[in-house]
Amino acid sequence: MLKRTLVAVTLALLIAPPAQADESARYVAMGSSFAAGPGIPPQQPGTPATCGRSTKNYASLVAARRGLALTDVTCGGATTANILTTGQAGQPPQIEAVTPDTKLVTVTIGGNDVGYVGSLFTYGCQNTGGTNCGQVDRNAVRAALSTVHEKIGAVIAAVHQRAPRARVLVVDYLTIVPRTRPACDGVPLTPEQLTFENEVADRLAAATLRAAREERATLVPAAAASANHDGCAAVPWMERYSTAQGRVPYHPNEAGMAAVANLVTAKIP
């Protein structure tokens, strides 16, 4: 009886079809330039130049490490509206890339909604003898900060609606300006401007955390992790205002993107 059972099991194993390997899990990366990686060569082939999607942005690094099937729709200058309703650079709204079979979504958004980096460019221009620099409307920035959590929350909610089983990781913005030290030549701000920019950074990070909590997403705390790697640090994760040709001031460098990729990877089971 035992011999017959063993023979039957052996035959069943021999004629059973081979197990099929699971396809790579679908991963969609959305967000602004802090996710796209402008100025970090090389750019992803076949993508809009104005979006600045680098092959070394954090999404590309994460996908390569984890064997994920990446759809990268990040784009420099993106706001929450560019994710939800309005396309950029001839591309549809970023949210359209999220499909029911999506397993992972990362998003870095909100900075352009509040004029974060734009205000830094304006101050940098003013403080280095630039012309036609414009002005920073602090009241408008603060008003935008008071509602940006709702806009980020709407992005997360839209992802859940389109891909109910997707894991959603919200990556906040890397630290740009010094938090506990004076500004430097690479970050040309007056003490009063530095205080304001830290207020913007703190409130944006708090809004991102609030949105993630309220909409059942996971925060990836890039801001906290980069607190000692601002544009004035010995080991910056951020390009300085005056930087090499082809680089983008006040945006992540290779080290910053690699650090964020490590943080994101640590949040994936």
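Placed from the backbone N, Cα and C atoms, the Cβ positions cover glycine too.
The annotation active site, nucleophile is assigned in TrEMBL to Ser33. Under the heading active site, TrEMBL lists His251. Annotated disulfide bond per TrEMBL: Cys51-Cys75, Cys125-Cys133, Cys184-Cys232, in sequence order. The domain 'SGNH hydrolase-type esterase' annotation in TrEMBL covers 29-259. The signal peptide annotation in TrEMBL covers 1-21.
A Cα-Cα distance of 7 Å separates Cys51 (disulfide bond) from Ser33 (active site, nucleophile). Taking the C-alpha positions, the distance from Cys184 (disulfide bond) to Cys75 (disulfide bond) comes to 29 Å. Separation of the C-alpha atoms of Cys75 (disulfide bond) and the residue listed as 'active site, nucleophile': 6 Å, rounded to the nearest whole number. In the structure as shown, the Cβ atom of Cys184 (disulfide bond) sits within 10 Å of 16 other Cβ atoms. In this structure the C-alpha atoms belonging to the residue listed as 'active site' and Ser33 (active site, nucleophile) are separated by 8 Å. In this structure, Cys232 (disulfide bond) belongs to neither helix nor strand by DSSP; it is coil. Of all the disulfide-bonded residues given, namely Cys75, Cys133, the one with the smallest number of surrounding CB atoms inside 10 A is Cys133.
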